[in-house]
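Right, one structure below, let's go through it.
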């Protein structure tokens, strides 16, 4: 009696490479359901290979540092929240474990909410160290968003349980006594920065969702502080909050 298509589909999931799939006896099974299952599994493996190739490419900066110092503690740093009209700027500093692999990890802006949440859970359970840093709305208004972002990055680094030996920073240079590499669009080039990007994004989004429950009417849970029409309508109807950045337009014009 021939195997059922259901059984074959189950076995195909245990084939972990395209070459293994190509050697499979099921290539000779003429049943349409089997051939469709083969095509589907090939597409899955091709997608997984693309993700793996991208992940390997995003470890190049880390591997270069480790080649010179195998004991290096490499810390990726990124921020989220420079552009919104409300809420703090949040940063994250992350040191990954040596044998890390987080399939699909990328710049948080390129991931869906579901993908970010899944990767966040994996990161929080399997990183060497991480810490968040914040700069408040008051600090943003006092020293400007660029300086406030650097301040928040310093706070994240200081919050780590161990001092890193090399920093990979997204598009900034920090005044700190630790060797560093600044990478433009680093969250798409370095797994360490990408990890920091995801954690910072998820952390700040949760903060803004909590703020949305505290101040209904501004749609913070949807706009995370950005100047959407719903947010602007909320300002017109309910007024400006302490959580609004007074040096950002149109808030600035409304308070003067």
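Numbers run from 1 along the shown chain.
Using the three backbone atoms N, Cα and C, a Cβ is placed for every residue, glycine included.
Under the heading divalent metal cation binding site, Swiss-Prot lists 78, 79, 170. Look at Swiss-Prot and you will find 72-256 tagged as domain 'RNase H type-2', backed by sequence analysis.
With all protein chains in the displayed structure included, the most crowded Cβ environment within 10 Å among the binding-site residues 78, 79, 170 is that of 78. Apart from the site residues 78, 79, 170, the chain places the Cβ of 77, 80, 91, 92, 149, 153, 169, 171, 172, 186, 187, 193, 196, 197, 200 no farther than 8 Å from the centroid of the site's Cβ atoms, the recorded divalent metal cation location. Averaged over the domain 'RNase H type-2' (72-256), the predicted model has a pLDDT of 96.
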